[in-house]
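K.L.:
In case it helps, Swiss-Prot gives these features for our protein:
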- 26-261: domain 'ABC transporter' (DOMAIN)
- 58, 59, 60, 61, 62, 63, 64, 65: ATP binding site (BINDING)
């Protein structure tokens, strides 16, 4: 299956150029939406710049689905404004809203393909609804199926496809009308890990080749980590944290972000975590989160030469997110000398590390 996209395969409008990143495709201003007495969206303000991938993450019931319905005009907010390419959709009637919706493509968790239609007919469906000539529809479908690596499946029916292939058809269909914005609503949640990686790689390639703006809704931090440029964390209808992905991963501020990151951030080995005590013991265990220069420099060797006394690295490592080094180290500080422990923590914080005392162990690690 060909997943590589060459310049000759770029299927945007012939006049397409890499968009100006200073312009916003989406701008939300103090958006609010209630269902009864329950706020689904509670004052969200957000921008999505041209050509970027923004990930919106939160637990079930956080307001993600309501937000995406407000973006495509299927849900009217109680107050606030939704701008798509500079147009406030709340001021548009249904007739004016339809052409704007065609500027928005969408892919879904469960694909939403028409089982009685062939793959190429599913891809061409948005163009058929627009009344485009059959020859144009079929030519566009062929381009898109080549893009997503499914040219040989054009005459097949959805029932014969794997889950990953169905989602590729969904992506091709979402691109049929050359949208300015692609909304992805939990598009990989029903897929196995290997297929998820291939779909995310395809979306990233499409973003790079076409400059397509993507807003993806997910509850999986690994999805955000894989392809997003920025992330916004939603809880109870509010944005509790947002920023570049590497920055949020390196230094999460909110409890909900820390919880969502828990599954993919390095953790203290279970056998050592089980030995932690709140009271002083033979050794103190520190968690040290680093990013940027602190992660790429000789932090531990500098600590050894600058602060007299012993320490041990018991677990951890350095990774790269958005080409930025990000890591977590677990250090053991022997003894009960409070001044030595304070000196270690002071040194690490001076190097822009985030330090947390996890507890103590009664016997050496």
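Here the Cβ of each residue, glycine as well, is placed from N, Cα and C on the backbone.
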K.L.:
I need the neighbours of the ATP site defined by 58, 59, 60, 61, 62, 63, 64, 65. Which other residues of that chain put their C-beta within 8 angstroms of the C-beta centroid, in sequence order?
P.N.:
219, 234, 235
K.L.:
Among the binding-site residues 60, 65, which residue has its Cβ surrounded by the fewest other Cβ atoms within 10 Å?
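P.N.:
Lowest Cβ count within 10 Å among the binding-site residues (60, 65) is 60.
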K.L.:
Hey, does DSSP put residue 64 (ATP binding site) in a helix, a strand, or just coil?
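P.N.:
DSSP call for residue 64 (ATP binding site): helix.
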K.L.:
Give the sequence-ordered list of residues that share a chain with residue 58 (ATP binding site), lie 6 or more positions from it, and have CB atoms under 8 Å from its CB.
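P.N.:
64, 219, 233, 234, 235, 256, 260 - these are the non-local Cβ neighbours of residue 58 (ATP binding site), listed in sequence order.
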K.L.:
Tell me the Cβ neighbour count for residue 61 (ATP binding site), meaning other Cβ atoms within 10 Å of its Cβ, over all protein chains shown.
P.N.:
13
K.L.:
Looking at the binding-site residues 59, 64, which sits with the largest number of other Cβ atoms within 10 Å of its Cβ?
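P.N.:
By the 10 Å Cβ neighbour count, 64 comes out on top.
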